[in-house]
Amino acid sequence: MTKLSVNINKIATLRNSRGGDVPNLLQVAKDVQKFGAEGVTIHPRPDERHIRYQDARDLVNVVYTEFNIEGNPMDNFMKLVFECKPTQVTLVPDAVDALTSNAGWDTVKHKSFLQDVITECRLQGIRTSIFVDPVLEMIEGAKVVGTDRIELYTEEFATQYGLGNEKAIIPYTKAAELASELGLGINAGHDLSLDNIEFFKNNIPNLLEVSIGHALISESLYLGLENVVNMYIRKLQ
Ligand SMILES: CC(=O)[C@@H](O)[C@H](O)COP(=O)(O)O
Ligand SMILES: NCC(=O)COP(=O)(O)O
C-alpha cells in the first residue's frame, strides 16, 4: 500500500490571493486527513508565496498523520524544520526564484553538504528524503549520503505519459529497483495525477509514498464544480 500525502501549497496560493483566510489551510489539512490521506505535505518557499513559515508552525498541531516538509535546506528552512520536527523532511535543490521544483540533487557533487544536513536531521529524529532524478548514479549517491528515502522527481514521466509514451516509466522502475536493493525507501512526486498515478504505482516496486498537490487540487475543482454551481442556482431560484 502506497501512502498518499496531500500537498496543500495550492490552498495557500488561493488564500494568499485575497489576503484573508479563505480557504482555511488548517481546515483543509484536517479534512484531507479525515477523508483518508495518510500525510500532509507543504513546501514553504523563501518568498512565502504560498505556504508561510507560520503555516508550518500552525500545522504541527493539526497534522496527526505524516507531516512532510519539503524545501531547499538553507539556514532559515532548516531552522523551521528543527522547530516543527515533522515526520519527514524532503530536501529539494530548487533555486530561490524557481517557479516550481525542476531538478533532483546531484548527490555526488553535493555529497558532503547532504551528509551534514542529513546527519543533523537524524540527530533531531526527523526522517530524510532527497529529491532525485531517476539516474542510477544519483541513487547510489543517495545511499552514500545516508538518506532514509529518495523522492523520485516524476515530472518527466508525467509529461511523457501524457503524450502516450509509456516507456518513460523505465528509468523510474530501474531507479526504484536499485534503491530497494540499496535499502532506500522510495517516495515520488511532481505532476502525478488521477491520469497517471495507477500506471506509475503499478510499475514502481516498493513505492512507500506519493505527494500530490497541483493536479489533486485542480481535479478537486473540476470534480466539485458542477455540485457547487448547482447549489448556487438552487439558492437563486
Ligand atoms: C518537490 C516537488 O516536487 C514540488 O512539487 C513541490 O513541492 C511543489 O511546489 P510548488 O507547489 O511550489 O510548485
Ligand atoms: N513532492 C511533490 C509534491 O509535493 C507535489 O507536487 P505537485 O503534485 O504539486 O506537482
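Even glycines carry a Cβ here, placed using N, Cα and C.
Feature annotations, courtesy of TrEMBL:
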- His43: active site, proton acceptor (ACT_SITE)
- Glu70: active site, proton acceptor (ACT_SITE)
- His190: active site, proton donor (ACT_SITE)
- Asn7, Arg18, Asp191, Gly213, His214: 3-amino-2-oxopropyl phosphate binding site (BINDING)
- Arg45, His50, Thr100: 1-deoxy-D-xylulose 5-phosphate binding site (BINDING)
- Glu151: site 'Transition state stabilizer' (SITE)
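Features as recorded by TrEMBL, highlighted on the structure.
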residue : record                                      : contacts (Cβ under 8 Å, 6+ apart)
Arg18   : 3-amino-2-oxopropyl phosphate binding site  : none
His43   : active site, proton acceptor                : Asn7, Asn9, His50, Ile51, Ile69, Glu70, Gly71, Val92, Ser101
Arg45   : 1-deoxy-D-xylulose 5-phosphate binding site : Ile51, Gly71, Asp94, Ala98
Thr100  : 1-deoxy-D-xylulose 5-phosphate binding site : Asp94, His190, His214
Glu151  : site 'Transition state stabilizer'          : Thr90, Ser129, Ile130, Phe131, Val132, Asn187, Ala188, Gly189, Ser211
Asp191  : 3-amino-2-oxopropyl phosphate binding site  : Thr154, Glu155, Ala158, Thr159, His214, Ala215
Gly213  : 3-amino-2-oxopropyl phosphate binding site  : Val6, Asn7, Ile8, Asn9, Lys10, Thr41
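Here the recorded positions are His50, His190, His214, and the one whose Cβ sees the fewest other Cβ atoms within 10 Å is His214. Checking the binding-site residues Arg18, Thr100, Asp191 for a CB within less than 6 Å of any atom of ligand 1 leaves Thr100, listed in sequence order. With respect to ligand 2, the recorded positions Asn7, Arg45, His190, Gly213, His214 contribute Asn7, His190, Gly213, His214 as residues with a C-beta closer than 6 angstroms to one of its atoms, given in sequence order.
In the three-state DSSP assignment, the secondary structure recorded for His50 (1-deoxy-D-xylulose 5-phosphate binding site) is coil. Secondary structure at His43 (active site, proton acceptor), as computed by DSSP, is coil. Annotation note: Gly213 (3-amino-2-oxopropyl phosphate binding site) sits in a coil segment as assigned by DSSP.
The 10 Å shell around the Cβ of Glu70 (active site, proton acceptor) contains 28 further Cβ atoms across the protein chains shown. Cβ-based neighbour count (10 Å, all protein chains) for Asn7 (3-amino-2-oxopropyl phosphate binding site) stands at 27.
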